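According to Swiss-Prot:
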{"type": "ACT_SITE", "residues": "E353", "note": "active site, proton donor"}
{"type": "ACT_SITE", "residues": "H384", "note": "active site"}
{"type": "ACT_SITE", "residues": "K512", "note": "active site"}
Amino acid sequence: MKNINPTTTKAWKELEDHYKEIKNEHMKDMFNNDEKRSEKFTIQWEDFYVDYSKNRITEDTRALLLQLAEECHLKDAINSYFGGEAINQTENRPVLHTALRANKDADIKVSNKNVVPEVQEVKAKIRDFSNDIIDGTQKGYTGKAFTDIVNIGIGGSDLGPVMVTESLEFYKNHLKVHFISNVDGDHVHETIKDLNPETTLFLIVSKTFTTMETLSNATTVREWFLKSAPQKEVSKHFVAVSTNLQQVEDFGIDVKNIFPMWDWVGGRFSLWSAVGLSISLAIGYENFESLLDGARKMDDHFKETSFEENLPVQLALISIWYNNFFKAESEAVIPYSQYLDKFPSYLQQAIMESNGKSVDRNGEKVDYQTGTIIWGEPGTNSQHAFFQLIHQGTKLIPTDFIGFKHSLFEDKDHQDKLMANYFAQTEALLNGKTEQEVEGELKSKAFSQEEIDRIKAFKVFEGNNPTNTILIEKLTPESMGKLIALYEHKIFVQGVIWNIFSYDQWGVELGKQLANKILAEFSSKTTDNHDSSTKKLLKFYMS
């Protein structure tokens, strides 16, 4: 990929001038002046209807953003991304989570070897294992079928699987799936306290099988299991997803119960691999395959569609417009589905760990904003929590509204109430409420002029708050796969434009190193070589 500082491009300089021209324009006027605005800024693709017309953009804005993508050689970068080039240059690795959902006849090479046949082998193993656990063919050490699955992992080995299993809960089978991630012992013991060791299967997910949190939790769970079963039965109840075969075998896991990972798949993009075994067990392999199919369809859309009609490209460029020109620092993601409760927190890792970088691909400090802060909660809960700040606060917060035309239980009364709020919020954020409208409303309620003058300023909404409306036919495994992949590719586009490496995460290393040092000090009762604040805190903790 070419390393281009975006601020040096012609398009960037023109966008700076363009921003000065339109920064004070109100979107209401944009709509009033163009009756076809919604048509011009809507993309309908398969079961996705994405309206991005409620943004502070014009056709000129879009043209300049597309010019920026061209000047940053986005098309070449996409080819490098899907072609298996080592675009994660700080670790000298390709970034090929897309290969995990590629067609079985695809040819995707890493070090001159097609990786797709190996991916297909692992998928077949996931399928067979899932089917055997779900139908009771594979049993626990006392001959009972499994009833509970516990996934032990952290970061990408947890956030993706837990998000998808909760999002697709409607499609779950009889197995109960639990997740242990935090090294907090209370979290571990609370999860396992009511489980039956005879009918519980544990999945330990760690690429290196050395991650402190995961290994500590796995060891605690094994000790709990061994209070009821002999050591030799560990192999029937513990499965590993890892590359470290020796460490896994030393733990007591049978080699046939080891599922491989690859270093060309980053943790936060790994749910499509055997890391997603818990997903396959929860919803069945056919639904897991549908999830992958949906992601592959979004991959194809991203690769093959012109940038003008390309969902990930358009959403990424609009995000850059706000981040770098309006200086917006955060984006909210609001799914109008309680099933997607964990989706914003999943995106927090995917986006913030990927693009939270301050050094560009040339090794130079950037002099422009990069990664956005991501946050959100499902609607309508979020309306009663933090929408006040979005509507009347001092910060510009672009917001994605994700909704579904059809509910899963087909309760039209509830669905209509939910979606009425979904549409109303984007309209309210667009239009706001003027002082004149407030006065008229209060007069209609028989308020005196004195009362109106006292409170009217507090009831004015400026509006002009940008939103994207992502409306999907129905929440299915396939549509969920498309949605996740949409944001994955948005991350990639932003990283290309910002000239940063999106697929490493060196920022998490220092804290780990210091934690290991402090852990040793708890045993030795020493607090040397710390700042005065940390030293005092450690002494208080150890007292």
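Glycine is treated like the rest: Cβ placed from N, Cα and C.
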Near E353 (active site, proton donor), which residues of its chain come within a Cβ-Cβ distance under 8 Å, counting only those 6 or more away in sequence? R268, Q505, G507, V508
To the nearest whole angstrom, what is the C-alpha distance linking K512 (active site) and H384 (active site)? 37
DSSP three-state call for K512 (active site): helix, strand or coil? helix
